[in-house]
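Asker: Submitted below is the structure of interest, expressed as structure tokens.
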Amino acid sequence: MNLNAYLEFSPEVAEAKASGKPIVALESTIISHGMPYPQNVEMAKTVEQIIRDNGAVPATIAIMDGKYKIGLSEADLERLATEDNVAKVSRRDLAEVIATKRIGATTVATTMIGAAFAGIKFFVTGGIGGVHRGFEETMDVSADLEELAQTPVTVICAGAKSILDLPRTLEYLETKGVPVIGYKTDVLPAFYTGTSPYKLNGSADSVDTIASIVKTSTDLGLDGGVLVVNPIPKEHELDAAYIDGIIETAVAEAEDKGIVGKDITPFLLGKIVELTDGKSLKANIELVYNNAKVGAQIASSYNGL
Ligand code: PSU
Ligand code: MN
């Protein structure tokens, strides 16, 4: 069976591929499970436009009607944001959701897989999954990290939220051979805040340097992805003590309620929005926009190499 039978390109993405334009993938779990309606659809449309404004073509990815859709229409975005029973699809769930023709939102892991199938090298999101706090008991490590280890797509994000164990997430990425490059920073950004105590091994001050790192990794056949961590703009940062307190409360509530597995990240994300009265949502949206700008610029620079 031909892989192409499972892929469905939007007209915009098909045209971009045919004419060799830079393309940037976007995930859909951030829409279905990461943000409330209608801000999620608004964010999804605006982020696509920011990518266009910065010289690249957006390709939001999701699973619909038995296909890996590469590039979504506005109606598709609306479906993802409003339909009940949108599956959160990680690598484990992929074959099942495609075969049974359910509607599925792609995580970082499955957006990387779809992007690689589609020949797209860059992918912009908010935050990645990682090693969960208390992993010693639960063994909960996001499949996003394994995907970064094996799939050659560059992911531009704002670091990871401290709902995760950040230093262990970095250790895991090191073990798996994933370069983590700070854009204009030498510490890991912690999503809502631009800094953290955790030193990075690599950093770059220009998008051209990042493009050349990606090119070199590709030329060497290193296989895995590159993780670019881009701090939230200063004017949108939340106070570190404030957001850490909120995260502690959310994590404790998840534990009390016995929430585990694929449900824990969406639960924590929703809880944080609720406890911050939407302040975290505003920060989340702004950091995605900032990542879109940088990601499109990296993809354009790469195209010129
Ligand atoms: N972190 C966020 N926002 C998100 C996610 C993570 O700040 O929307 C989503 C992404 O789709 C990510 C997934 O790939 O959650 C990770 O889920 P898990 O921890 O179950 O692997
Ligand atoms: Mn998990």
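Using the three backbone atoms N, Cα and C, a Cβ is placed for every residue, glycine included.
Annotation comment: TrEMBL describes GLU27 as active site, proton donor. According to TrEMBL, the substrate binding site annotation covers LYS88, VAL108, SER142, ALA143, ASP144. According to TrEMBL, the Mn(2+) binding site annotation covers ASP140. Annotated active site, nucleophile per TrEMBL: LYS161, in sequence order.
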Asker: If you run the three-state DSSP split on ASP144 (substrate binding site), which class comes out?
Answerer: helix
Asker: If you count Cβ atoms within 10 Å of each one, which of the recorded positions GLU27, ASP140 comes out on top?
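Answerer: Comparing the recorded positions GLU27, ASP140, the most crowded Cβ belongs to GLU27.
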Asker: By CA distance, which of the recorded positions (GLU27, ASP140, LYS161) lies nearest to VAL108 (substrate binding site)?
Answerer: GLU27
Asker: When you rank GLU27, ASP140, LYS161 by Cα distance to LYS88 (substrate binding site), which of the recorded positions ends up on top as the closest?
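Answerer: Comparing Cα positions, the candidate nearest LYS88 (substrate binding site) turns out to be GLU27.
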Asker: What other residues of this chain sit with their CB within 8 A of the center of the CB atoms of LYS88, VAL108, SER142, ALA143, ASP144, the recorded substrate site?
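Answerer: So the extra residues in range turn out to be THR29, SER90, THR107, ALA109, THR110, ILE128, GLY129, LEU145, GLU147, THR265.
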Asker: Which of VAL108, LYS161 (the recorded positions) has the most other Cβ atoms within 10 Å?
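Answerer: When each Cβ's neighbours within 10 Å are tallied, VAL108 tops the list.
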Asker: Taking a cut-off of under 6 Å between Cβ and any atom of ligand 2, tell me which of the recorded positions LYS88, ASP140, SER142, ALA143, LYS161 pass.
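Answerer: By the Cβ criterion, which requires under 6 Å to ligand 2, the hits are ASP140, SER142.
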Asker: Could you tell me which of the recorded positions LYS88, VAL108, ASP140, SER142, ASP144, LYS161 have their C-beta within a distance under 6 angstroms of some atom of ligand 1?
Answerer: VAL108, SER142, ASP144, LYS161
Asker: Which whole-number value in Å describes the distance between the Cα atoms of SER142 (substrate binding site) and LYS161 (active site, nucleophile)?
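Answerer: Taking the Cα atoms only, SER142 (substrate binding site) lies 13 Å from LYS161 (active site, nucleophile).
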Asker: Round to the nearest Å and give the CA-to-CA distance linking ASP144 (substrate binding site) with the residue listed as 'active site, proton donor'.
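Answerer: Their Cα atoms are separated by 12 Å.
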Asker: Considering the binding-site residues LYS88, ALA143, ASP144, which residue's Cβ sits among the greatest number of other Cβ atoms within 10 Å?
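Answerer: Its Cβ has the most other Cβ atoms within 10 Å: ASP144.
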Asker: Closest of the recorded positions to GLU27 (active site, proton donor), Cα to Cα, picking from ASP140, ALA143, LYS161?
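Answerer: The smallest Cα gap between GLU27 (active site, proton donor) and any of the recorded positions is with ALA143.
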Asker: Which whole number of Å gives the largest C-alpha distance between any two of LYS88, VAL108, SER142, ALA143, ASP144, the residues noted as binding substrate?
Answerer: 13
Asker: Among all the protein chains here, how many other CB atoms are within 10 A of the CB of SER142 (substrate binding site)?
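Answerer: Result for SER142 (substrate binding site): 23 other Cβ atoms within 10 Å.
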Asker: Rounded to the nearest angstrom, how far is the Cα of LYS161 (active site, nucleophile) from the Cα of ALA143 (substrate binding site)?
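Answerer: ALA143 (substrate binding site) to LYS161 (active site, nucleophile), Cα-Cα distance: 16 Å.
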